[in-house]
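Q: The structure's right below; bear with me while I get my questions together.
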Amino acid sequence: MRPPPHSRLVLTFPGFAPADDLANEMEDVDFDEEADEWPEEQAWETEEEDEGVEDGMETQDDSEVTFSEHSASVFCVSLDPTTNTLAVTGGEDDKAFVWRLSDGERLFECSGHKDSVTCAGFSHDSMFVATGDMSGLIKVWQVDTKEEIWSFEVGDLEWMEWHPQAHVLLAGTADGNSWMWKIPSGECKTFQGPGCPATCGRVLPDGKRAVVGYEDGTVRIWDLKQGSSLHVLKGQDGHQGPLTCVTSNKDGSLVMTGSVDCHAKLVNSAAGKVVCVFKMESAASKPPAGEAESNSVESLGFCNVMPLAAVGYLDGTLAIYDISTQSLRQRCQHESGIVQLLWEDSAPVVYTCSLDGAVRLWDARSGKMISEYRGHSAEILDFAVNKDASIVVTTSGDHQAKVFCVQRPDR
C-alpha cells in the first residue's frame with residue numbers, strides 16, 4: 001500500500017526554444033491530412049467561468065456517477081474499448097475493480113494484489129482486463145467469466161500496456177527490462193534496457209515496434225518480433241533526466257518523449273532522429289537556496305485532425321505546439337500542476353486533469369477553455385475519455401472515481 005513516487009514541485013515558466021537543425025527529418029511525415037477541415041475561425045464559444053471559492057473542491061459536484069468502493073487513493077482508470085460501458089480502476093488499497101459506467105455498479109473485483117494497483121487496462125477487444133501492482137504482480141482476467149486466467153511476477157512495475165491489435169501484454173520494470181507476453185499462453189520475450197528503470201513505454205500503432213523511455217534519459221525503439229533495438233537515443237538526442245512519458249501520432253511516424261528536464265522531443269520513428277525540441281525556459285526567478293528546481297513534462301499528446309501537439313507541465317502550463325512550424329501556438333495556464341492530458345479523437349480539443357481536482361476542455365486553436373468539471377475533493381490522478389468524447393471518467397486522491405457527462409456548445 002504505497003503511492004507512486006512523485007516528488008516534483010512547481011516552478012518555472014514556459015518559453016520556446018528553436019528547433020534542432022534536424023528539421024529535414026520531417027520530410028516523410030504528412031501534416032496536411034485533414035488540417036483544412038478545421039479553419040481558424042471555427043472555434044467553440046467558451047463559458048465564462050466564475051472565480052471559484054477556495055472550498056469549491058468540496059461543494060461543487062458536476063459528476064453523474066460516483067464509484068466509491070476504493071478505500072484509498074485511486075491511481076488508474078481505463079475504459080473498455082469496444083463498448084465504452086465498463087471501467088477498471090486500481091488503487092492504493094491494493095484493489096482493482098471492474099464496474100459499469102452507467103450506474104457505478106461493481107461487476108467484479110480483481111483480487112489478490114499485495115501492493116498499490118498502479119496499472120490497469122482492457123485488451124483491444126475488451127475480452128481481457130489486466131491489472132498490475134507496484135511490486136510487479138500482474139494479473140489478467142477474462143471479462144465475461146470474471147475469472148483470473150493468467151498471472152506473472154516481475155520486478156517493481158513502472159508501466160503496462162496492451163498491444164493495439166493482439167492479446168499481447170507489455171510492461172516495463174525498475175530493473176530496466178521490458179516484457180512482452182502472449183495471453184493467455186504466457187509465452188514471453190524480454191527487452192533488456194540500460195540497467196535503470198524503464199519508466200514509460202508505448203506500443204506504436206503498427207504493432208511491430210515499441211518506444212520505451214528510461215530513467216537515465218535514453219529512449220529505445222524496439223522491434224517486438226526480433227527483440228532487438230532499432231534505435232537508441234542518448235546523449236544530445238536523449239534527455240538530461242528521467243523520461244516521464246512517451247506517445248506517438250496516429251500513424252506512428254512521429255514519437256514524442258517528455259522528461260523531468262522539461263523538454264519534449266519530437267522523433268522521426270523510422271529514422272530514429274530527433275526532429276525538434278520543445279523547451280520550457282526558466283524565468284529569472286530561481287528557487288530558494290537548497291530547494292530543487294522541479295518543473296517537468298507530465299503528459300503528451302498528438303492531435304489527430306491538425307498538426308498540433310500538446311505538452312502538459314507540472315507548473316500548470318498546457319502548451320500547444322504547431323508541428324509543421326515547430327513553434328508554440330497556444331499557452332493555457334492552470335493554477336496547479338497538470339497530471340494528464342488527452343486529445344479528443346476527432347476534434348482539436350484537449351482535455352486536462354490537474355492537481356486542483358478539475359477536468360478542463362480546451363480549444364487548441366484559440367487556447368480558450370471550453371468548459372470545466374469539478375466533483376473531487378482531492379487531486380485527480382488519472383482520467384479517461386470515451387470514444388465519442390461524451391464521457392470523462394476520473395480517479396482521485398479522495399478515494400473515488402467519477403463519471404462526468406461532457407456537454408459542448410457544438411452538439
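All residue numbers here begin at 1 and follow the chain in the order shown.
The backbone N, Cα and C atoms fix where each Cβ goes, and this holds for glycine too.
In TrEMBL, annotation is done automatically, which means it is predicted and not curated.
Straight out of TrEMBL:
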DOMAIN    302-380  domain 'Anaphase-promoting complex subunit 4-like WD40'
REGION    32-55  region 'Disordered'
REPEAT    67-109  repeat 'WD'
REPEAT    110-151  repeat 'WD'
REPEAT    205-232  repeat 'WD'
REPEAT    331-372  repeat 'WD'
REPEAT    373-411  repeat 'WD'
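Give me the local environment of each listed feature.
A: Same-chain neighbours of the repeat 'WD' (67-109): 1-4, 115-122, 124-126, 129, 131-133, 141, 143, 146, 378, 381-384, 386-388, 391, 393-403, counting only residues six or more beyond its ends whose CB sits under 8 Å from a CB of the stretch.
Each residue in the repeat 'WD' (110-151) gets a DSSP state, and the totals come to 0 helix, 23 strand, 19 coil.
Residues 163-166, 170, 172, 176, 178, 180, 189-191, 193-194, 196-199, 238-246, 248, 250-252, 255, 257, 259, 261, 267, 269, 271-272 of the same chain sit 6 or more residues outside the repeat 'WD' (205-232) yet have a Cβ under 8 Å from a Cβ within it.
Sequence-distant contacts of the repeat 'WD' (373-411) (same chain, at least 6 residues past either end, Cβ-Cβ under 8 Å): 44-45, 52, 56-58, 60-68, 70-79, 81, 84, 87, 89, 91, 93, 99, 101, 104, 336, 339-340, 342, 344-347, 349, 351, 353-361.
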Q: Please compute the mean pLDDT of the model over the repeat 'WD' (373-411).
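A: The average pLDDT of the model in the repeat 'WD' (373-411) works out to 92.
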